[in-house]
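**Student:** Below: one structure in structure tokens.
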Amino acid sequence: MSEAGDMGLVVVGAAGRMGQTLIRAIHTIPGARVIGAVERADSPHLGKDAGELAGIGIINVPIGDDPLPVFAKADGVLDFTTPASSVEFAGYAAQARIVHVIGTTGCSADDNARIAAAARHATIVKSGNMSLGVNLLAVLVEQAARALDADDFDIEILEMHHKHKVDAPSGTALLLGEAAAAGRGIALAGNDVRSRDGHTGVRKTGSIGFATLRGGSVVGDHSVILAGTGERITLSHHAEDRAIFARGAVKAALWARGKKPGLYSMRDVLGLS
């Protein structure tokens, strides 16, 4: 692959499962190349070649623990880490005036506010899911929620992930919940039901329910159920390989290159806004 004009990308969390998947994805997509790899200061993988660790051979990019030097020479950063880390990296991306693609989930309102503040100087693409299929599903969910009256159809969102996932509901489930709420013309906050236990009483009209399953090695299953009297519609997406998220993240970075600073979503990237 020619390096002339390629977008130089840094992968943070480079030794993790998603980090290695991102490195492999960048290696296969024209127009992008890995120029930096960052890990925690206590990572046993510091100093190793990022490409060799990801199984694509030596690419002469050692894994380091200081993001500042590599951000300074990069065009963008791909980030599927933790909320606290993503907030920190957003600040560094703002200093470097580069693209920051965030696939991290579990961010709090304060985390999101700090990321939005960084977007005054960085071009940030943030999404709970980077795949084309899920973002198209979100559009369909919004349309269905708009077309089907809340008095007639209840909305429930069911998701399942592998046993190692630490946040719930998933970022994708919340993305779909936001889409359903937008279709209904309401805010998700205050209308979401995330747990049911004991005597819960009857279902509140217009609420949006979430159910979470964890187990095995499931990459990600999501279903949005619109349940009416005598009929039920289910809109679903099943992720079979986390590489779909990595490819979407690289596509987002390439799309964001040259865009004005701001906070964008995958709907913007895919032209679904």
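Backbone N, Cα and C atoms are what each Cβ position is placed from, and that goes for glycine too.
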**Student:** Looking at NAD(+) binding as recorded in Swiss-Prot, which candidate out of Glu39, Glu156, Glu159 goes with Gly13, Ala14, Ala15, Gly16, Arg17, Met18, Gly103, Thr104, Thr105, Ser127, Gly128, Asn129, Met130?
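**Tutor:** The one candidate that Swiss-Prot places in that NAD(+) site: Glu39.
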**Student:** Using a Cβ cut-off under 8 Å and a sequence separation of 6 or more, which residues in the same chain sit near Thr172 ((S)-2,3,4,5-tetrahydrodipicolinate binding site)?
**Tutor:** Thr105, Gly128, Asn129, Val134, Glu159, Gly220, His222
**Student:** Let me know how many other Cβ atoms fall within 10 Å of the Cβ of His161 (active site, proton donor/acceptor).
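**Tutor:** Step by step: centre on the Cβ of His161 (active site, proton donor/acceptor), count other Cβ atoms within 10 Å, giving 25.
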**Student:** What Cα-Cα separation, expressed in whole Å, is found between Glu39 (NAD(+) binding site) and Gly171 ((S)-2,3,4,5-tetrahydrodipicolinate binding site)?
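**Tutor:** Here the two Cα atoms are 23 Å apart.
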**Student:** What are the non-local neighbours of Gly13 (NAD(+) binding site), defined as same-chain residues 6+ apart in sequence with CB under 8 A from its CB?
**Tutor:** Gly19, Val38, Glu39, Asp79, Phe80, Thr81, Ser85
**Student:** Could you round the CA separation between Thr104 (NAD(+) binding site) and His162 ((S)-2,3,4,5-tetrahydrodipicolinate binding site) to a whole angstrom and send it over?
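**Tutor:** Distance between the two Cα atoms comes out at 16 Å.
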**Student:** Fill in the CA-CA distance, Gly171 ((S)-2,3,4,5-tetrahydrodipicolinate binding site) to Arg17 (NAD(+) binding site), as an integer in Å.
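**Tutor:** Cα-Cα distance, Gly171 ((S)-2,3,4,5-tetrahydrodipicolinate binding site) to Arg17 (NAD(+) binding site): 18 Å.
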